[in-house]
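A.B. asks: The domain 'Major facilitator superfamily (MFS) profile' annotation in TrEMBL covers 17-478. Taken from TrEMBL, the feature transmembrane segment applies to 60-79, 91-111, 117-138, 150-170, 185-204, 290-310, 322-343, 355-376, 388-405, 426-447, 453-474.
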Amino acid sequence: MCEGFRGLFASSYVALCASFSAMGGLLFGYDQGVVSVILVMPQFLDRFSRVSDTASGAGFWKGLLTAMIELGALIGALNQGWIADKISRKYSIAVAVCIFILGSALQTGAVDYAMLVVARLIGGVGIGMLSMVAPLYISEIAPPEIRGALLVLEEFSIVTGIVIAFWITYGTQYISSEWAWRAPFLIQIAPGLILGLGVFLLPFSPRWLVSKGRDKEALATLAKLRRLPESDKRVEQEWFDIRAEVVFQREILVERHPKLQDRSRTSRIKLEILSWADCFRPGCWRRTHVGVGLMFFQQFVGINALIYYSPTLFQTMGQGHSMQLILSGVLNIAQLVGVATSLWTMDRFGRRPLLLWGSVFMTISHVIIAALVGQFSNNWPAHTGPGWTSVAFLFVYMVSFGASWGPVPWAMPAEVFPSSLRAKGVALSTCSNWLNNFIIGLITPPLVVNTGFGAYVFFAVFCALSFVWTFFFVPETNGRSLEQMDHVFKDHTTEAEEQRKLRIERDIVGGKDVPAQA
């Protein structure tokens, strides 16, 4: 089978399913892009004067409005773990879309600051659910040869949404009425409706089907996804591997919690709670560390600070209002170009090299920008050369991020967790993204206002730390199936565990009835 980007054409049905499910990322990105321009619209500031620059505490209220969607997303991502396990990956997407549409409708009709904040919280819940389940679903339907390229689609959709939203709001700002900012909120309902209705045409995740004991249905779905007959040896082997992994994880769960296997309501609730704790126990804690850590650094290298407040940052570089907005839009396009390269490089070079090189280029960019802003910001009109040099390195940063720390943190958490804990592990990782996104949204306005070039120094430090952390803690997952991650993380260290898994595989291949459903 072809690898990477070329493999997308060889596995067109899987690529189509993955692309459609990744539309949730488009909704997330669109909302990010909308806010960056709306926050400086006079029509918006007339209605919500609390966030205007002349208002007392405007920095805090602006930060709260921006960060509220991240808080909602944190709640959504945390709950999507058990929802995706309970009702399936694809049906949980439909639930998320309904919540998102409700939030979008309320944002469109907001009449005061409190209503807008609550509406963004509700919309954020839907976005958080979508951001968690899309990579999870994609990883479970994708063959290992192109899994990286398919998982890049999530980040590609996010950045595409940012670009679309930015240029829509750039156009609507010339509407004299409040529809200048209400229209962009209303428009985002359309892709939500398309995703919500179309999701019912997607196949179930074969790994979710096996976890529910629907083995024959899983085989049929797997064959459909691979465009091969059910009798094909490659399909059968993948089916056997999935079933063996599910049964193995089921046996581990029984050993860890033997007193909670009577399937009573109380036991199921306790088991659900304890299974979250299992993500931090031996056999999984290294994976949780990697998933949560990737999402932490993705935010603290400064990307969303640039997306949300890029006009303000360009102002600190001496650019006029019109040029601030234009450069902000082009900046998002630069990120999209970077993400597009990872469709090819993710499976070609692997996840780890992209992270390391991305950290290097982002650190260099932040350091140079900090030096130029610190030295020349007091009189930009007299130093236009350094001003444009700062802008240039901001573009270098965006391309570097888009090619590395943009897509990889969305891809790896969906790959590394065992089947029984994958939904919860991805939920924890996504929660890390939204929690840190929330923090960045709150601290960036006062950081930029009060420290100037210090904001770039702050993010440069975390870019450098991301290199060190990746070097010591992040393994390479490229080309490995989801069922081979035990070997990548060296979690099954005892010979007895290896023998048990081999025994399960032999039983399944031999046709022995091995129950998998929890």
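Cβ from N, Cα, C; glycine included.
Please situate the listed features within the shown structure.
C.D. replies: The average pLDDT computed over the domain 'Major facilitator superfamily (MFS) profile' (17-478) stands at 87.
Only residues 6 or more beyond the boundaries of the transmembrane segment (91-111), in the same chain, are considered here, and those with a CB under 8 A from a CB of the stretch are 21, 24, 27, 47, 72, 76, 80, 83-84, 118-127, 129-130, 133-134, 137, 182, 185-186, 188-189, 192-193, 195-196, 199-200.
A Cβ distance under 8 Å defines the sequence-distant neighbours of the transmembrane segment (355-376), meaning residues of its chain 6+ beyond its ends; these are 301-302, 316-317, 383, 386-387, 389-390, 393-394, 396-397, 400-401, 403-405, 408, 452-454, 456-457, 459-460, 463-464, 466-467, 470-471, 474.
Long-range contacts of the transmembrane segment (426-447) within the same chain, counting only residues at least 6 positions beyond its ends with a Cβ under 8 Å from a Cβ of the stretch, are 59-60, 62-64, 66-67, 70-71, 73-74, 77-81, 124, 128, 131-132, 135-136, 276, 279, 288, 291-296, 298-300, 302, 304-305, 308-309, 312, 409, 413-414, 417, 454-455, 458.
Long-range contacts of the transmembrane segment (453-474) within the same chain, counting only residues at least 6 positions beyond its ends with a Cβ under 8 Å from a Cβ of the stretch, are 289-290, 293-294, 297, 300-302, 305, 313, 351-352, 355-356, 359-360, 362-363, 366-367, 369-371, 373-374, 377, 405, 412, 444, 447.
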A.B. asks: Do we see three or more Cβ pairs under 8 Å linking the transmembrane segment (322-343) and the transmembrane segment (150-170), pairs being at least 6 apart in sequence?
C.D. replies: yes
A.B. asks: Select the range from 117-138, 290-310, 388-405 that forms the most Cβ-Cβ pairs under 8 Å with the transmembrane segment (60-79).
C.D. replies: 117-138
A.B. asks: Under 8 Å for C-beta pairs, could you tell me which stretch among 117-138, 150-170, 388-405 has the largest tally with the transmembrane segment (290-310)?
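C.D. replies: Result: 388-405.
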A.B. asks: Is the transmembrane segment (388-405) packed against any residues at least 6 beyond its ends, judged by a Cβ distance under 8 Å, and which are they?
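C.D. replies: Residues packing against the transmembrane segment (388-405) from afar: 155, 159, 297-298, 301-303, 306, 313-314, 317, 319, 327, 330-332, 334-342, 345, 354-355, 357-359, 361-362, 364-366, 368-369, 372-373, 466.
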